[in-house]
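Asker: Reproduced below are the annotations present in Swiss-Prot:
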| type | residues | note |
| --- | --- | --- |
| ACT_SITE | Lys99 | active site, proton acceptor |
| BINDING | Lys148, Lys174, Asp175, Asp176, Glu177, His265, Gly338, Gly360, Gly361 | substrate binding site |
| BINDING | Lys174, Asp176, Glu177 | Mg(2+) binding site |
| MOD_RES | Lys174 | N6-carboxylysine |
Amino acid sequence: MSGIIATYLIHDDSHNLEKKAEQIAIGLTIGSWTHLPHLLQEQLKQHKGNVIHIEALDEQEHINSYLGKKVSRGLIKIHYPSLNFSPDLPAILTTTFGKLSLDGEIKLIDLTFSDELKKQFPGPKFGIEGIRNLLQVQDRPLLMSIFKGMIGRNIGYLKTQLRDQAIGGVDIVKDDEILFENSLTPLIKRIESGKEVLQSVYETYGHKTLYAVNLTGRTYDLKENAKRAVVAGADILLFNVFSYGLDVLQALVEDDEIPIPIMAHPAVSGAYSSSKLYGFSSPLLLGKLLRYAGADFSLFPSPYGNVALEKEEALLITAALTEEDHYFKKSFSVPSAGIHPGFVPFILRDFGKDVVINAGGGIHGHPNGAQGGGKAFRAAIEATLQGKPLHEVDEINLHSALQIWGNPSHEVKL
């Protein structure tokens with residue numbers, strides 16, 4: 001079936017899911033149906049949205065209480081013909097959820113693209129396998145850390161932070177998403193200084209680290225800024241996708257003059273996906289759509305930290321990023337926020353080896369600094385892969401980390 005199928009979670013105070021579904025299908029396509037002359041119906045039939053599935057769900061009293069009324073809940077699926085929209089995300093999202101998103105009681109759970117439609121999207125340029133090949137790391141999760149406290153600091157401070165994190169065994173260091181173009185640490189200077197530091201660490205310690213630099217600026221300047229970054233030697237671009245739009249991400253990915261991986265940050269996405277009643281589902285927004293548009297990495301709140309996402313949601317995001325699809329490479333999951341070494345066994349148990357463990361305070365807050373923090377994480381990763389409990393590991397940096405943040409994983413089994 002060509003076109004796209006949208007799955008919605010609806011809350012209906014008229015208690016007629018069939019009628020509500022049909023209203024949506026008609027309202028987002030031809031506008032009306034039953035009052036049209038037969039000849040016009042025949043002409044418009046190929047453009048009409050069609051309800052293909054309705055599933056009633058159990059009533060939930062806490063939702064009724066929140067809404068201040070009794071509602072029927074249900075999942076509905078509607079097919080939208082490809083004749084109705086151009087094969088791009090702005091058209092697809094407007095068709096399936098444009099004015100409907102203003103309802104306030106409908107959540108877009110999923111979009112199922114036809115094979116023909118999938119061909120219009122690039123998917124990740126590198127994907128999990130390509131990123132692993134860049135780092136020459138095949139047998140373990142990747143470790144990522146974050147520059148902290150860079151606003152108002154100079155290049156010397158950045159170089160010191162970067163060096164310590166790289167020596168600690170971190171695979172990727174990323175800019176803070178709130179670090180924009182500025183006179184103290186301008187984009188090109190960050191890239192050039194970063195390359196100098198990371199090359200020195202590689203020559204001395206034999207460990208390769210990549211630097212994800214924040215791509216910022218006005219939308220019409222982004223491509224030029226990205227190309228300047230590439231010429232300067234950037235390894236990875238960090239991109240605040242939802243501040244700009246998914247289509248902007250796709251445009252960057254499809255540009256052959258920007259041949260480096262792109263890491264999608266979830267900033268602003270909470271405004272679209274946090275509610276259980278309306279907006280986008282997290283697996284759709286932070287999983288499927290980011291992968292289709294071309295993100296090599298997707299950051300999202302972990303189920304364990306201080307900005308936690310429900311575990312089921314986080315795992316569904318990962319499934320959308322990594323499920324087999326011969327049209328698209330797999331994207332790296334990056335569960336983030338509040339991660340310390342004691343959580344490593346949880347992460348590997350829940351997400352497997354094809355994951356990026358992302359830590360900020362869990363590395364910089366270590367008593368031996370970022371070097372000690374990185375080494376603690378690497379020791380935790382190695383021990384977990386060997387099936388060894390963290391409290392039995394004879395590594396001083398990991399021991400210190402567990403004393404500070406605890407070891408909630410002492411009973412976790414892979």
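Placed from the backbone N, Cα and C atoms, the Cβ positions cover glycine too.
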Asker: May I ask for the distance between Lys174 (Mg(2+) binding site) and Lys148 (substrate binding site), taken between their Cα atoms and rounded to an integer number of Å?
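Answerer: The Cα atom of Lys174 (Mg(2+) binding site) is 10 Å away from the Cα atom of Lys148 (substrate binding site).
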Asker: With a 10 Å radius around each C-beta, find which of these recorded positions (Lys99, Lys148, Lys174) has the fewest other C-beta atoms nearby.
Answerer: Lys99
Asker: Just name the most isolated of the binding-site residues Asp175, Asp176, Glu177, going by other Cβ atoms within 10 Å of its Cβ.
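Answerer: Looking at the binding-site residues Asp175, Asp176, Glu177, the Cβ with the fewest others within 10 Å is that of Asp176.
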Asker: Rounded to the nearest angstrom, how far is the Cα of Lys99 (active site, proton acceptor) from the Cα of Lys148 (substrate binding site)?
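Answerer: Distance between the two Cα atoms comes out at 40 Å.
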Asker: For Asp176 (Mg(2+) binding site), which of the recorded positions Lys99, Gly338, Gly361 has the nearest Cα in space?
Answerer: Gly361
Asker: In whole Å, note down how far the CA of Lys99 (active site, proton acceptor) lies from the CA of Gly361 (substrate binding site).
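Answerer: Per the Cα atoms, Gly361 (substrate binding site) and Lys99 (active site, proton acceptor) stand 41 Å apart.
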Asker: Can you list, in sequence order, the residues of the same chain other than Lys174, Asp176, Glu177 whose CB lies within 8 Å of the CB centroid of the Mg(2+) site?
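Answerer: The answer, listed by sequence position, is Ile146, Phe147, Asp175, Ile178, Leu179, Ala212, Asn214, Leu238, His265.
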Asker: What is the number of other Cβ atoms found within 10 Å of the Cβ of Gly361 (substrate binding site)?
Answerer: 17
Asker: DSSP three-state call for Lys174 (Mg(2+) binding site): helix, strand or coil?
Answerer: strand
Asker: Determine the C-alpha span of the substrate site listed in the record, that is the greatest distance between any two of Lys148, Lys174, Asp175, Asp176, Glu177, His265, Gly338, Gly360, Gly361, in Å to the nearest whole number.
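Answerer: Spelled out: the longest distance between any two Cα atoms in Lys148, Lys174, Asp175, Asp176, Glu177, His265, Gly338, Gly360, Gly361 is 18 Å.
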Asker: Does Gly338 (substrate binding site) have same-chain partners at least 6 apart in sequence with Cβ under 8 Å from its own Cβ, and which are they?
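Answerer: For Gly338 (substrate binding site), the qualifying residues are Ser302, Tyr304, Gly305, Asn306, Val307, Ala308, Gly361, Gly362.
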Asker: At the level of the C-alpha atoms, what whole-angstrom distance separates Glu177 (substrate binding site) and the residue listed as 'active site, proton acceptor'?
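Answerer: Checking the Cα atoms of Glu177 (substrate binding site) and the residue listed as 'active site, proton acceptor' gives a distance of 30 Å.
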